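Chemist: Dropping the structure in here first, questions after.
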Amino acid sequence: MGVNIREVIPPEAIQEIDLAHLKYKVVAIDAYNALYQFLTAIRQPDGTPLMDSKGRITSHLSGLFYRTINLMEHGIKIVYVFDGKPPEMKYLEIERRKRVKSEAVKKYEEAVKKGDTKAARRYAQMAARLTDEMVEDAKKLLDAMGVPWVQAPAEGEAQAAFMARRGDAWAAASQDYDSLLFGSPRLVRNLAITGRRKLPRKDVYVEIKPELIELDKLLKALGITREQLVALGILIGTDYNPDGVKGIGPKTALKMVKAHRDPVKLLQGLPRHEFPTDPLKIYEYFLNPPVTTDYKLEWREPDEKKVFEILVEGHDFSPERVRNALERLKKAYREHFRGQQMGLDAWLRR
């Protein structure tokens with residue numbers, strides 16, 4: 001779900017960019033968010049995902065492989081950040097997601113029986129699940145491609161934001177806005193999936209382009225601090241209090257945080273029964289989440305044999321397509337990445 005602050009973000013705080021804007025910049029991508037996008041977007045006409053001969057889903061690997069190569073061809077230094085163990089207070093949201101997916105599976109089966117291909121595709125996308133096996137396969141593929149990834153101790157967006165704050169990454173990338181609450185100086189949206197996309201439940205297609213939101217510009221436009229932004233998110237609803245506070249929408253929440261300059265006192269004054277957990281605990285989590293400095297960002301030459309083994313021999317990908325893509329990846333590495341690496345202290349803070 002993530003926190004949805006889109007409604008209160010002024011147009012002047014959102015900058016539409018092209019991929020050239022990110023050339024030679026390190027972008028920390030929320031891996032789970034990207035993989036879910038690949039799982040939902042890369043599907044057959046009837047809504048079923050791509051699969052190999054053993055019935056194993058491969059949409060996530062296809063998206064990860066080809067999209068990563070495309071980004072690297074633009075000289076973008078991609079690093080994927082994977083979620084670790086979620087905090088206990090996320091339990092309600094996790095259970096809600098399970099219920100939504102289970103219901104979507106039932107509706108998908110009903111749509112298939114009725115021959116309603118549009119509905120079947122929609123519900124199939126909603127039912128997409130990312131398994132531990134899929135995540136491990138993604139990590140193995142990234143290793144073979146020479147692309148770095150980081151294992152977060154908890155929330156991937158918190159880790160990506162931390163990396164951006166300390167200068168190891170230029171921006172965090174996700175469809176959700178949580179990384180802004182976690183303090184990322186920049187958020188890039190629409191990076192994993194761009195191009196012409198169909199709007200949900202409509203026969204309308206729009207051109208999706210990357211967006212850049214800078215935290216300082218956003219806070220200045222709203223006239224609030226990051227701490228107030230966190231309080232605003234909690235009022236609306238986050239992964240740790242999915243329902244937010246009854247009767248409070250984004251615009252009302254913004255008025256409240258601006259009227260109460262102290263976000264702690266504002267949260268303390270809210271009815272406790274509105275929250276599944278202490279709102280101050282949620283507030284503190286956004287400001288000081290578990291993160292790690294145990295990572296090294298290094299872009300290596302791809303291991304062609306290993307990539308072939310994973311995709312072609314392991315998952316029935318087209319040998320010719322993989323071979324051609326590997327040539328593109330090798331060229332991108334030679335042109336943009338050879339000798340490029342960043343250690344734990346980011347070149348001693350540059």
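Positions of Cβ are set from backbone N, Cα and C atoms, glycine also.
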Chemist: Given that Swiss-Prot annotates ASP176, ASP178 as Mg(2+) 2-binding, name the residue from ASP239, ASP243, ASP262 that shares the site.
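Modeler: Swiss-Prot names ASP239 for this Mg(2+) 2 site.
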Chemist: Among ASP30, ASP46, ASP116, ASP216, which residue does Swiss-Prot annotate as binding Mg(2+) 1 at the site that also has ASP83, GLU155, GLU157?
Modeler: ASP30
Chemist: Around ASP176 (Mg(2+) 2 binding site), which of the listed binding-site residues (ASP30, ASP83, GLU155) come within 10 Å, judging by Cα atoms?
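Modeler: So far as Cα distances go, the binding-site residues lying within 10 Å of ASP176 (Mg(2+) 2 binding site) are ASP30.
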Chemist: Just to confirm my parser: what is the rounded mean pLDDT across the region 'Interaction with PCNA' (340-348)?
Modeler: 47
Chemist: Among the binding-site residues ASP30, ASP83, ASP176, ASP178, point out the residue whose Cβ has the most other Cβ atoms within 10 Å, with all shown protein chains included in the count.
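Modeler: That would be ASP30, with the highest Cβ count within 10 Å.
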Chemist: Quick one: what's DSSP say for ASP83 (Mg(2+) 1 binding site), helix, strand or coil?
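Modeler: ASP83 (Mg(2+) 1 binding site) sits in coil per DSSP, no helix or strand.
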Chemist: Tell me the coarse DSSP state (helix, strand, coil) of GLU157 (Mg(2+) 1 binding site).
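Modeler: The residue in question, GLU157 (Mg(2+) 1 binding site), is helix (DSSP, three-state).
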Chemist: Counting by DSSP, what is the helix, strand and coil composition of the region 'I-domain' (119-261)?
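Modeler: Looking at the region 'I-domain' (119-261) with DSSP, the answer is 65 helix, 24 strand, 54 coil.
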Chemist: Which has the fewest other CB atoms in a 10 Å radius around its CB: GLU155, GLU157, ASP239, the listed binding-site residues?
Modeler: ASP239
